[in-house]
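Sequence annotations record features per position, and here TrEMBL assigns region 'Disordered' to 452-473. Per TrEMBL, transmembrane segment is recorded for 123-143, 155-177, 250-271, 348-366, 398-421, 498-520.
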Amino acid sequence: MELVSRQDPCLREVVRFAVCCRALTLLLQASLPALFNLLIPDHAADAFCPPRLSEPGPWDLLVERLLGGLSRWDAEHFLFIAERGYLYEHNCAFFPLYPLSVRALAEGALWPLQRLLRLRSRLLLSAVLLNSLFSVLAAAALYKLGCVVLRCRGVAFLAAVLFSVSPANVFMAAAYSESMFAFLAFSAMWQLEKGQSWLSGLLFSLASGVRANGLINAGFFLYSRGKCFALQLQVGSGSGRKLPPLWKRLLSVASSVVLMCAGIFLPFALFQYYAYVRFCGAGTGLEQAVPKPLLQLALDKGYRLAATDGVKPPWCSQQFPVVYSYIQDVYWNVGFLRYFELRQIPNFLLALPVTLLGSWAAWTYITADPRHCLTLGLERRKSEEEGKPRAGFCCPAVFVYVVHATVLLAFGFFCVHVQVLTRFLGSSSPILYWFSAHLLQEYEPLLCSQETDNPTAAPRSEKPPLGKSPGSCGKGTCANPVVRLLLNRGLITPLGRCVLGFFLSYWLLGLILHCNFLPWT
């Protein structure tokens, strides 16, 4: 995919700013937690923390000192899987593509460092390098996607810049799968908007091998095919060209939907089958190959190893033995309204900003064009027939993304640990960034006053769109709007202060708290 173009200065600025933010994040995570430790020591969290089986060398200690803050919480699972595989049952909550990529880089490009660094240190280093790359590519893919969908390069540019200072930034840098998933998901959405269905399907399939919520992305393909079919039915014979019989068109749509959805669900199904064979199959003498400290950890913490003693986990006897849902239920108590407890109020407060922002985005879009939402965007509009669709956040093409973000928001709020909503939405949906950019572009005088020319969005067809959003959709300048706002922070409106304050405060607080093993989103 051609993500970086020499002809687009805005894209170059997106990449430059993303690289700078990633470098600053790595610098801050090494310094801020150390300063914070002078006041409060590392939190003794009851989290997965397997013993280190080899003595660290001086270079290992240096890597741990510089990057150790990025190996907290779930990062321990990913690094452990990359090193030891799926040894414990609850490791299967974390999908394999990201740890496999980390291991491949550690054993490949970083192989010459094996004399200096033990495997654990090389895995941590490769995770940081991979996430730095994926986060930059995700910002570029988000910009490209925004240009095509929003038909407004100004908002697309601002949204991509905001992604680089995402409130979920610490998880984009740490040894988590968020950066990889964001890159694959945004790239797949972009390719689908361009009409590259098979490449989009491949990217969506890879994304479902990174995170379980990648399965929901099948909805984009279902909607795309359903919308094309509905519009064809409305055009009918009045288009002046002969269309295939209805049954042929219906068969074509159904077959492509089945094939693409099967491809998207395949990684999930294969991983569940792998877990079933590993934990529900006959014993293979695995206990002899597991180091004693790891066996002792399983005994102390109640972790389940593969069925070496013939005792199979309860999920093995289910009609559909899916280990993922079992782990979420038993190990993390994930389920409808299970997190609605008084002691979880602080976590609900942590998720409040992204909940309000996501709800506001949905409300804004619905009230801007209720008819379009009620018809699910399947009605052919006069503006589309004339080639003049609206541009900006409230344009028709954003509908499916608003639905996707709202589904994720509702599911995350009612069914999972609510504090993960920030990174859940921040790595899965462009709406968080598009709507924030829309608000800033609409209500910040510093951005509204920028000189604009004709729209230069990347259209779905070869003809440039003629409509404009209420905000600036022009060519304008590719000077960084976030930097401009921060340099003139005295002129920022209260709304702008809230939006930027949310992004920047969660970035910095996440670095301080997460890297010190304190609870965060």
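From the backbone N, Cα and C atoms, a Cβ is placed for every residue, glycine too.
Annotations in TrEMBL come from automatic prediction, not curation.
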Subject >> Leading stretch by Cβ pairs under 8 Å, where the reference is the transmembrane segment (123-143) and the options are 155-177, 250-271, 348-366, 398-421, 498-520 >> reply: 155-177
Original post:
By a Cβ-Cβ criterion of under 8 Å, what residues six or more beyond either terminus of the transmembrane segment (250-271) are in contact with it?
Top reply: 92, 95-97, 197, 201-202, 204-206, 208-209, 212, 214-215, 217-218, 221-222, 225-226, 228-229, 244, 324
Subject >> Tertiary contacts of the transmembrane segment (498-520) (same chain, 6+ residues out, Cβ under 8 Å) >> reply: 25, 28-29, 32-33, 36-37, 40, 42-45, 47, 68-70, 72-73, 162, 165-171, 174, 347, 350, 353, 357, 419, 422, 436, 439-440, 482, 485-486, 492
